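Visitor: Dumping what Swiss-Prot says about this protein:
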| type | residues | note |
| --- | --- | --- |
| COMPBIAS | 21-36 | compositional bias 'Basic and acidic residues' |
| REGION | 1-36 | region 'Disordered' |
| REPEAT | 69-99 | repeat 'WD 1' |
| REPEAT | 111-141 | repeat 'WD 2' |
| REPEAT | 158-187 | repeat 'WD 3' |
| REPEAT | 199-230 | repeat 'WD 4' |
| REPEAT | 242-272 | repeat 'WD 5' |
| REPEAT | 286-316 | repeat 'WD 6' |
| REPEAT | 328-358 | repeat 'WD 7' |
Amino acid sequence: MDSQRPNDVSPEAMQARIQQARREAEGLKDRIKRKKDELADTSLRDVAHRSHEAIPRNQLMKTKRTLKGHLAKIYAMHWSTDRRHLVSASQDGKLIIWDAYTTNKVHAIPLRSSWVMTCAYAPSGNYVACGGLDNICSIYNLNQNRDGPTRVARELSGHAGYLSCCRFINDRSILTSSGDMTCMKWDIETGTKQIEFADHLGDVMSISLNPTNQNTFISGACDAFAKLWDIRAGKAVQTFAGHESDINAIQFFPDGHSFVTGSDDATCRLFDIRADRELNVYGSESILCGITSVATSVSGRLLFAGYDDFECKVWDVTRGEKVGSLVGHENRVSCLGVSNDGISLCTGSWDSLLKIWAY
């Protein structure tokens, strides 16, 4: 019997054990992938080419509104559930609530830190949140101080790294992701952390709450993995591999069974939770730049992706083909989102503009 304790193991021996464990893990992953490939008697792309007609390339959205008001790079935007309002965050130090119908500013909220990276609208429309390099998630109540500046209602401090993404569960709870490789669930009323989700090995860049089951959410990180989390259990229940570089964006499909990701490897990918595997890849040899943001149409047939080359590219989800590009920004498309009714797409850019697109 080996009586050697872990404390007696030399650093070299420990490193050798770690490398051996990694090799075994990679071998097991390859075996699992081969087994899944054996069971897959067809592909989504093959089925779609047999049963779905191609989407006409001349039926692309056009710019209907341009929202001007920010004075620096826009890093994030998020639609309200009322389909009319949206919030945007810029490094000019402002959080702006917009009326997308009229292009008017409803609120212009000065931020304590201009290094903002994310923002979110509560489903009720009562609150917005933001955060960034200050490591803090700041909550603002839109129903207070209507005649004066909107002030911080709550500051949620607990992350050891920058805040990369935040999404409200309801008016009482919010999820955040961070460069400290964790996600957290917070109680907004008390300002306390309820659950910490730790399993990634790189900065967590994006999260998306399941639209049909608020007990689960997904995350994408710089370890190139996407994970499905059970909020009640406080742990990851599925891990999805396929990307070859950082995952910058992740978004659930409206049905809650699938999700899309966007990565620095210049591809978007479709994963299915029930099949526990990747179903499609969206990319081409001519696309070399990374993806900053992703969203799907309400039907799930179209995938919108923001790229570093100033374009929002549109993909046919089932056939895996590029339908076209939405061109109009003069710098990186940093964020985008589809309104709840599916009629409008909003894109935000480093050119300081937001554009509303529709048919």
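Each residue's number is its place along the chain shown, starting with 1.
Just so it is clear, glycine is given a Cβ too, placed from its N, Cα and C backbone atoms.
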Visitor: Can you work out which residues elsewhere in the same chain, 6+ from the ends of the compositional bias 'Basic and acidic residues' (21-36), have a Cβ less than 8 Å from its Cβ atoms?
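Guide: Apart from its flanks, the compositional bias 'Basic and acidic residues' (21-36) reaches 241, 276-277.
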Visitor: At a Cβ cut-off of 8 Å, and with pairs 6 or more apart in sequence only, do we get at least 3 pairs between the repeat 'WD 5' (242-272) and the repeat 'WD 6' (286-316), yes or no?
Guide: yes
Visitor: If contact means at least 3 Cβ pairs within less than 8 Å, sequence distance 6 or more, would you call the repeat 'WD 7' (328-358) and the repeat 'WD 1' (69-99) in contact?
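Guide: Yes, since the repeat 'WD 7' (328-358) and the repeat 'WD 1' (69-99) share at least 3 Cβ pairs closer than 8 Å, they count as touching.
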Visitor: Across the repeat 'WD 2' (111-141), what are the DSSP residue counts per state (helix, strand, coil)?
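Guide: Counting residues by DSSP class gives 0 helix, 18 strand, 13 coil.
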Visitor: Count up the helix, strand and coil residues in the compositional bias 'Basic and acidic residues' (21-36) according to DSSP, in that order.
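Guide: Its residues fall into 16 helix, 0 strand, 0 coil.
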